[in-house]
Amino acid sequence: MKPRSGLEEAQRRQASDIRVFASSCTMHGLGHIFGPGGLTLRRGLWATAVLLSLAAFLYQVAERVRYYGEFHHKTTLDERESHQLTFPAVTLCNINPLRRSRLTPNDLHWAGTALLGLDPAEHAAYLRALGQPPAPPGFMPSPTFDMAQLYARAGHSLEDMLLDCRYRGQPCGPENFTVIFTRMGQCYTFNSGAHGAELLTTPKGGAGNGLEIMLDVQQEEYLPIWKDMEETPFEVGIRVQIHSQDEPPAIDQLGFGAAPGHQTFVSCQQQQLSFLPPPWGDCNTASLDPDDFDPEPSDPLGSPRPRPSPPYSLIGCRLACESRYVARKCGCRMMHMPGNSPVCSPQQYKDCASPALDAMLRKDTCVCPNPCATTRYAKELSMVRIPSRASARYLARKYNRSESYITENVLVLDIFFEALNYEAVEQKAAYEVSELLGDIGGQMGLFIGASLLTILEILDYLCEVFQDRVLGYFWNRRSAQKRSGNTLLQEELNGHRTHVPHLSLGPRPPTTPCAVTKTLSASHRTCYLVTRL
C-alpha cells in the first residue's frame with residue numbers, strides 16, 4: 001500500500017464519516033438523525049420513526065420469505081380449442097372371463113379350485129353343468145399348466161363377439177384391436193398405438209365421428225355360478241375403459257359397464273393435466289424400467305418382449321409396484337402384471353398371489369406420485385333400448401339369431417368427443433421469485449423509502465469504513481513502527497557524533513596509520529575522515 005498524503009487522508013476520513021454519508025444517502029430519515037448538532041427531541045423522534053419503520057420492513061420481509069418457502073401452488077382451468085384431437089384408447093372386457101365350451105377336465109383339475117372354488121369331488125357335476133361329459137376313466141392331467149394359455153384359449157374371442165365396427169363411418173375389425181391381459185382376463189384395446197401403430201385422430205365432435213361397435217356378449221358361454229366367491233360375476237355385459245395410450249388400463253377398478261339390449265352413448269371431453277415437481281408438488285417424470293414394467297404383457301406364453309421404456313403413469317407405477325411385491329412374496333407374477341417373473345400357477349394364485357395382492361391393496365403400500373403431465377377423459381353416458389320392434393326381426397335375420405337372443409346378448413357402444421376442444425388443468429407456482437422481489441421492493445419503498453441502489457450505497461459506505469478504520473489501523477500501526485525505527489537510528493548516529501574528540505587545525509604530531517586511529521570510531525567511514533584530517 002502506498003503512503004497516503006494528508007489531503008488523501010482527510011478525504012478518506014470524510015468519506016467514512018457517518019454524517020457525510022447520511023446527508024447524501026437516499027434512504028429517508030438518515031439525514032435527520034445524523035445531521036450536525038447535538039441530541040434534540042426532533043432528532044430522537046426521527047430516530048424512533050426510522051427504527052420502527054425498519055422493524056416493520058424487516059418483519060414484512062421475513063413474512064414474505066417464509067410464505068415463499070412454503071411453495072404454495074394454484075390450479076388454473078382453461079378451455080382450449082383444437083383443429084383435431086387424438087382419439088383415446090378404448091379397452092373392452094367381457095365380464096365373463098372364460099367360455100364354458102372351452103373348459104376341459106384338465107382345466108378343472110388345475111384351476112377349478114383357484115378360479116371356481118370347486119372341490120375335486122365336484123368336478124364331474126360341474127362338467128355336467130357345462131354340458132360336457134365327465135373325465136374318462138384313467139384321466140391323467142398334464143404335468144404343467146399355464147394360466148395365460150388358459151385365458152388365451154378359453155377367453156372370449158373378439159372375432160366371435162364383434163358383429164360390426166365403424167370408426168368415423170369407415171369399417172374396422174379385429175385387426176384394429178390389440179390383445180391385452182388384465183385382472184378380468186383377456187381383453188382388447190382399440191387404438192392402443194402398440195407396435196408403432198399410428199394413432200387415430202378426429203377432426204369433428206359429436207356422434208358419428210368416433211367409434212361405434214356392436215358386440216355379442218355370448219351369454220350362452222357364461223360359466224354357471226357354482227359357489228359365491230369374492231370375484232364371482234353376477235352381471236352380464238361388457239366392461240369398458242377409455243384411457244390414454246400412455247397408461248395401461250385398470251379396467252377392473254376404473255371401467256364402466258355396457259349392458260346388452262341397450263345402445264350406450266359415451267360423450268367424452270379430453271382433459272390435459274399438468275402437475276408441478278418438488279418443491280411445489282410431488283409429480284414424477286421418470287420413465288419406468290421395462291424390466292419392472294411392460295404395459296402390454298399380452299404374450300400368452302408370458303415371454304418378455306423388449307421395448308423402449310414407457311412413460312411414467314400412475315396406473316403403470318402401481319402395476320409395477322404390485323408386480324414386484326407379488327414376485328418378492330411368491331416368486332411369480334399374476335398374468336396381467338408386468339415383469340419377467342414366471343406366471344403363477346393356479347395353486348400359487350390361490351395360496352399366495354391373490355391373498356398377497358389383496359393385503360397390499362388394503363394397506364396401500366405403493367407410493368406413486370402423479371405424473372407431471374397426463375391425459376384423462378371425462379365421460380357422460382346415456383342409453384337407449386335396442387332392438388326396437390321394427391329392427392328386431394331384421395337383426396335376427398342378419399345375424400342368424402332369434403329376436404330374444406338379440407335382445408339378451410347384443411349391445412351397441414358409441415364413443416365420441418362432445419366437441420373439438422379440451423380442458424387444460426395446470427398447476428402453477430402461486431408465488432414466484434419475481435413476486436417475492438416485487439413485494440420486498442414495495443415494502444422497502446413504503447417503510448424506509450429505499451431501493452436497490454440504496455443498498456448499494458450502504459455497501460459502498462461499509463467498504464469505505466472498512467478500508468479507513470480497519471485497514472487504516474494496520475497501516476498506521478506499520479507507519480508508526482517505521483517512524484520509531486528511523487528515530488532510533490538517528491539517535492544512534494547522533495550518539496556516535498558526540499563521542500568524536502574535537503579536532504584542531506593547528507600543527508600536530510605525525511599521524512599513525514588508520515589502524516591506530518580506528519579506536520576513535522567503529523565506522524570505516526569515520527576512520528577515513530580522521531585519517532584525511
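Every residue, even glycine, has its Cβ placed from backbone N, Cα and C.
Within the set Cys321, Cys330, Cys332, the cysteine that Swiss-Prot bonds to Cys366 via a disulfide is Cys321. Cross-referencing Cys93, Cys283, Cys317 with Swiss-Prot gives Cys93 as the cysteine bonded to Cys187, criterion being a recorded disulfide.
Within the listed segments 254-257, 258-261, 474-477, 530-533, Swiss-Prot records motif 'PDZ-binding' for the stretch 530-533. Cys317 is paired in Swiss-Prot with Cys368, the candidate among Cys268, Cys352, Cys368 named as its disulfide partner. Partner cysteine of Cys283, as given in Swiss-Prot, is Cys372 (from among Cys165, Cys172, Cys372, disulfide bond). Across the structure, Cys372 (disulfide bond) and Cys352 (disulfide bond) place their CA atoms 35 angstrom apart. Cβ environment of Cys332 (disulfide bond): Val326, Ser341, Pro342, Val343, Cys344, Ser345, Gln348, Ala353 lie under 8 Å away, each six or more residues apart in the same chain. Distance from the CA of Cys352 (disulfide bond) to the CA of Cys366 (disulfide bond) is 19 Å. Put simply, Cys317 is the one of the disulfide-bonded residues Cys165, Cys187, Cys283, Cys317 whose Cα lies nearest to the Cα of Cys330 (disulfide bond). In terms of C-alpha distance, the listed disulfide-bonded residues Cys172, Cys317, Cys321, Cys368 place Cys321 closest to Cys352 (disulfide bond). If you measure from the Cα atom of Cys172 (disulfide bond) to that of Cys187 (disulfide bond), you get 17 Å.
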